[in-house]
Amino acid sequence: MDQALLIIHNEFLHGDLNVYWLSDHCYQCLYQFLVSVPVSPKPGHPSIAAVAVSSQHPVTLLLNDTLEKKEICRIHYVFGEFGNYSLWVKPHYGSINQMSCDMVVNENPVNSNLPIYIAFLIYIAILISSSVGNFFVKLDPVRNWLYKKMNPRETDRLINSELGSPTRAESYSSDLQVEAWRLTTPVHRLRSLDTFRGIALIIMIFVNYGGGKYWFFKHESWNGLTVADLVFPWFVFIMGSSIALSLSSMLRRGCSKWKLLGKILWRSLLLCVMGVLIVNPNYCLGPLSWDKLRIPGVLQRLGLTYLVVAVLELLFARAVPENSTMDIISYWPQWIFILMLEAVWVCVTFLLPVPGCPTGYLGPGGIGDFGKYPNCTGGAAGYIDRWLLGEDHIYQHPSPNVIYHTKVAYDPEGLLGTINSIVMAFLGVQAGKILLFYKDQHKQILLRFLLWSAMLGIISGVLTKFSQNEGFIPVNKNLWSISYVTTLSFFAFLLLLFMYFLVDVARLWSGAPFFYPGMNSILVYVGHEVFENYFPFQWKMEDYQSHKEHLTQNLVATSLWVVIAYVLYRKRIFWKI
């Protein structure tokens, strides 16, 4: 997949040709050797070499004369998947010293994106069918019959989000005395938060399963964003919103802070333990071995982020007064702590001396930066993980390996990046406080979401200079740079604005089907990791080089988890930690 066949016809008579290539996606990279084509034996009889070339991004081909060490020609070209191309290198007519390089298409490439278009149409058809079905369900005779079969209030009562309930009034808890919750107002669950969490989770599952093997459904090699880079920060953001809402609710009902602290510590520990077990899945080889045990991971980062943000909120939080307008000023100690934490990230990132690397280096190492710093991947972030955790205990195949040919291990869920994960969650806490402080003031909530989105977007523009690679701090998922946090928070506030309006204000959308996995996010996430290699989530393919088959398998697996989440919702089964 993502390759084309290139046949090079060499009529150059003065020496062999060395062909090098460079992807446009590789920033400040060295040319990489592709193939050597022997000298032509005689005029009109070219020597031939065939080689596979990448079709993911535009590439530049550089042809050098091995004898005189000079450039023959340079070609910038976009190859198509499974296309067949010929590059003819021959003298200009009437001159044996000047060469021409002409690209000829022998066989047209395939449209590798066609399966995506077809899948999109299929899901649109399902959506339309579901909408028609919902229309009939809303008819009085049908609705009355269904109402007798279900008790939605009981379902809402049993739901409690695993990372903090996204309700303004926490669902009933056995930890409180009966008198404490009898006086509370009826539960109003914010479906937009569950919907947002569900969207992030479903995209994450699809990406983890392979994303049809399309490059834009994989993590960006270094700077920049793909679809895969969006979802984890959004999950962290919504986790922060849930923390603000749930802690405020429980404090209003008189729950002890010490008891809440115990729950926070227990949840954080469970997340970290589950994370270690999930990222080290070789159970068939015996007990986990410390020699190659990977320590960081997605759930581990969630656990540490949850611990810091929830404890911080618990220390300074109090029962939220209705219709208050002090959603920022009254919590200034938390903001000072977060700003100090961010100052630590900036100082360590740009001031910590890293042996053999320039101070403040943010590059991918390998062949990036023209090959000057091959062992400096991630700068201070990579150095800290390798020093504290050991090179054998972090991720061995980071995303820059493919394009930048990095030479050292690097973990995108490392320790230094967790600081900015905490900042991301705290911005989610701020979104939750807006929902609390401006309860039922929909215009105020929407306006503040818009203002936060605009402010964070401007900050991102300044940090990145509105470019992918030329900014002060580029957007980078591997580093979890602060510009990555502000950019994804910009999107998060904007998306939450639309979802809050559509789902909770105008009620034009119920949030389905994303609402259901959003209600059971930890169960669905852990389940998809554990059963990833089992039928019906995976099966033997007839053609492993087909985007169509991979896409079908990954979409079926992802859709099955949505169905499972829906069934669990109907059965009132929710995994709470």
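Placement of Cβ uses the backbone N, Cα and C atoms for every residue, glycine included.
As the structure is a computational prediction, the values presented were derived from the model and not from experiment.
Features reported for this protein in TrEMBL:
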TRANSMEM  116-137  transmembrane segment
DOMAIN    189-312  domain 'Heparan-alpha-glucosaminide N-acetyltransferase catalytic'
TRANSMEM  198-216  transmembrane segment
TRANSMEM  231-252  transmembrane segment
TRANSMEM  264-283  transmembrane segment
TRANSMEM  303-320  transmembrane segment
TRANSMEM  332-352  transmembrane segment
TRANSMEM  415-438  transmembrane segment
TRANSMEM  445-467  transmembrane segment
TRANSMEM  479-502  transmembrane segment
TRANSMEM  514-531  transmembrane segment
TRANSMEM  551-569  transmembrane segment
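Tertiary proximity for the transmembrane segment (332-352) is limited to same-chain residues at least six positions away from its ends with a CB under 8 Å from its CB atoms, namely 312-313, 316, 359-360, 362, 379-381, 383-384, 416, 419-420, 422-423, 426, 429, 479, 482.
Beyond the transmembrane segment (479-502), the same-chain residues lying 6 or more positions past its ends with a Cβ under 8 Å from any Cβ of the stretch are 190, 192-193, 195-196, 225, 229-230, 233-234, 237-238, 241, 342, 345-346, 349, 362, 378, 381, 412, 416-418, 420-421, 423-424, 427-428, 431, 435, 442, 445-446, 449-450, 452-453, 456-457, 459-460, 463-464, 471, 473, 508-509, 511. For the transmembrane segment (514-531), the residues of the chain that approach it from at least six positions outside its boundaries are 159, 161-163, 191, 193-199, 201-202, 204-205, 208-209, 235, 274, 278, 281, 299, 537, 557, 561-562, 564-566, 568-569, 573-575, 577, judged by C-beta separation under 8 angstroms. A Cβ distance under 8 Å defines the sequence-distant neighbours of the transmembrane segment (303-320), meaning residues of its chain 6+ beyond its ends; these are 163-164, 236, 239-240, 243-244, 247-248, 251-252, 257, 260-261, 264-265, 267-272, 275, 331, 333-334, 337-338, 418, 421-422, 424-426, 429, 433, 436-437. Residues belonging to the domain 'Heparan-alpha-glucosaminide N-acetyltransferase catalytic' (189-312) score a mean pLDDT of 88 in the model. Contact between the transmembrane segment (198-216) and the transmembrane segment (551-569) is present: at least three CB pairs lie under 8 Å, with pairs separated by 6 or more positions in sequence.
Note on the transmembrane segment (415-438): residues 168, 190, 233, 236-245, 248, 296, 301, 304-306, 308-309, 312-313, 320, 323-328, 331, 334, 338, 341-342, 344-345, 348-349, 380-381, 384-385, 388-389, 444-445, 448-449, 452, 456, 478-482, 484-485, 488-489, 492-493, 496, 500 of its chain, located 6 or more positions outside it, place their CB under 8 angstroms from a CB of the stretch. Residues 327, 427, 430-431, 434-435, 438, 473-475, 482-483, 486-487, 489-491, 493-494, 496-497, 500-501, 505 of the same chain lie 6+ residues outside the transmembrane segment (445-467) yet bring a C-beta within less than 8 angstroms of a C-beta in it. Within the chain carrying the transmembrane segment (264-283), a Cβ under 8 angstroms from the stretch's Cβ atoms is held by residues 162-163, 293-295, 297-304, 306-307, 310-311, 314, 526, 529-530, 577, all 6 or more beyond its ends.
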